[in-house]
Amino acid sequence: MTLPKIKHVRAWFIGGATAEKGAGGGDYHDQGGNHWIADHIATPMSKYRDYEQSRQSFGINVLGTLIVEVEAENGQTGFAVSTAGEMGCFIVEKHLNRFIEGKCVSDIKLIHDQMLGATMYYSGSGGLVMNTISCVDLALWDLFGKVVGLPVYKLLGGAVRDEIQFYATGARPDLAKEMGFIGGKMPTHWGPHDGDAGIRKDAAMVADMREKCGPDFWLMLDCWMSQDVNYATKLAHACAPFNLKWIEECLPPQQYEGYRELKRNAPAGMMVTSGEHHGTLQSFRTLSETGIDIMQPDVGWCGGLTTLVEIAALAKSRGQLVVPHGSSVYSHHAVITFTNTPFSEFLMTSPDCSTLRPQFDPILLDEPVPVNGRIHKSVLDKPGFGVELNRDCHLKRPYSH
């Protein structure tokens, strides 16, 4: 089979600070009012009173959704979405395009390595540039799968299990239990600036959900980089009587020594997890050496599927689990091939967590959601990632080449 070359790459955005508010999509923090994900949730900015009531107050939704589409010579297209918005469009159209166009659709690793090397001087170890590279990488995998007529998970070697089971992230673990999920992860609402009173309030929230959900349902806390080691350790011990399964991302990404100390001092049987805001394989190698129990890369932020596969192999060599952060179909096709990912995350994007809404709604068409907390591998059997771009969204292409 002669594979075509890539003819063109294009980049659009929706939402963010320069477009309509509440667009959702790849930037799932960009929601309308009265939504749990934009509510009073602890963040690194919560110590400032002007920015503690809502995550949107400090600008969590300013980037918007980046959409990257790659087109082959035969007219077939692949696409992906992430969080990078208009600035990501500039990086794709004015810099990364030279490494993509003219390459064979199977040259994914070559393109990936060239994108990393060419942006190293302004990308650091993550953030906006890595989100953009991730989006391009995912679009390339989608195109390759569509050209050869295979789902991405089969390109990775095939499924190691028949279905993916999920826990749900949202404000209502009790509703998640009714929907068939294996666990529920809640955001914390208080931080070090709130002192012991904040610890008592979040521990009381866990206690309340334990009473509602019963003794066996998993409960976890997502701390979103908002704590220090001392506070996180106290919170973990305060929640231990309520059988908290893990405490997540308590510290900023680069505080590796802090994670090592937290893991050492956490209650017996409680896991320590992180990785959502780490980018590059190298940062995950350092994170793995802290001894945390689960690494949680976001495939749309860490360097794409190409990097996620490398992270999973690294974790496996150290006996650690990899449970990616959200990411819907882009994670599904990966984790069903990983032997060290026994479950996955589903992010509840309905405002009150009472219904199942696709994570990247409305930008993806045919995006699956779990049924009774599970997705069978047969749901993933369409070529590529199995979804299509909703071109009825207000796509904006600010740059071209």
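A Cβ is built for glycine as well, from the same backbone N, Cα and C atoms used for every other residue.
Remember, predicted model here, so these are calculated numbers, not experimental data.
Checking the candidates E248, E257, E310 against Swiss-Prot: the one annotated together with D222, E276 at the Mg(2+) site is E248. Residues R55, E345 are recorded by Swiss-Prot as substrate binders, and the candidate that the same record lists for that site, out of H29, H35, H332, is H29. When the Cα atoms are compared, D298 (site 'Increases basicity of active site His') and H325 (active site, proton acceptor) turn out to be 5 Å apart. Listed recorded positions: E248, E276, D298, E345. The one with the lowest count of other Cβ atoms within 10 Å of its Cβ is E276. Working note on the recorded positions H29, H325: by count of other C-beta atoms within 10 Å of each C-beta, H325 ranks first. Across the structure, E248 (Mg(2+) binding site) and H325 (active site, proton acceptor) are spaced 11 Å apart at their Cα atoms.
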